[in-house]
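See below for the structure under consideration.
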Amino acid sequence: MPRQKITDEMLQFMKDLSKRVPIAVVGGSDLSKIFEQLPNENNELLKLFSFFFAENGLMGFEGVKELPKASMIKELGEEKFQKLINFCLRYMSEIELPFKRGTFIEYRNGMINVCPCGRSCTQEERMSFVEYENKVPIRQTFVQALEQRFPIADYSLKFSIGGQISIDIFPIGWDKTYCLRYLEPKYEAIHFFGDKTMPGGNDYEIFVHPATVGHSVTDPIDCRKKVTETLTQLGI
């Protein structure tokens, strides 16, 4: 979901849900940004989830126990990494948008997040970019350019449209399915609920993965509704 703080109503729903079934959260953002949405005072949030994954599971927690981390730079190598960064900066410098702010590239442990309009934009500006992209497919065109410049055979990278304003770039296999290595050994059934489930979206790979039952949602209210319906169907 776009980066807005969770409502008290949704938080209470998740607390109630955790008493009925094990729950986990997986996000593409780093831990600090997820905690902006889901405040973690006194580790209460970590205690709520059986698993808590940031950066698609490349860092995370089982309860309050930290899991091993992975590094994109170590996987790709400094030379290829810099070629990728330089291309993104050069490409974005030539895009004309209604506005640009700051923080166009953000490095995380297992990916880089590229934002044509700049991640420091306000919520109002974020929504303005969404409206603009309904007419001009900025990120889709950017992804096509990246795929042409950095072929899979040489770089093994995935370029995925994430959230409302950015593109996630990471080694193939380091999408949200990465977290399944921790979940599959423990659970017979895994239900995934996400909003970017279309091809090219950052929920797509885990949504269609054979180990999961995928549910496409539009917003937190729809998510709550579909989770409730699923539990009813399962008799839980």
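Glycine is treated like the rest: Cβ placed from N, Cα and C.
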Given that TrEMBL annotates F207, T212 as Mg(2+)-binding, name the residue from D195, D219, D222 that shares the site.
D195
How big is the gap, in Å, between the Cα of R126 (alpha-D-mannose 1-phosphate binding site) and that of T212 (Mg(2+) binding site), rounded to a whole number?
31
With DSSP assignments reduced to helix, strand and coil, which class does F207 (Mg(2+) binding site) get?
helix
By Cβ count within 10 Å, point out the most packed of the binding-site residues listed: S166, T212.
S166
R108 (alpha-D-mannose 1-phosphate binding site) in three-state DSSP notation:
coil
Extra residues within 8 Å (Cβ to Cβ centroid of D195, F207, T212), Mg(2+):
F192, F193, G194, K196, T197, D203, Y204, I206, V208, G214, H215, S216
Which of the listed binding-site residues (D168, D195) has the least company, meaning the fewest other Cβ atoms within 10 Å of its Cβ?
D195
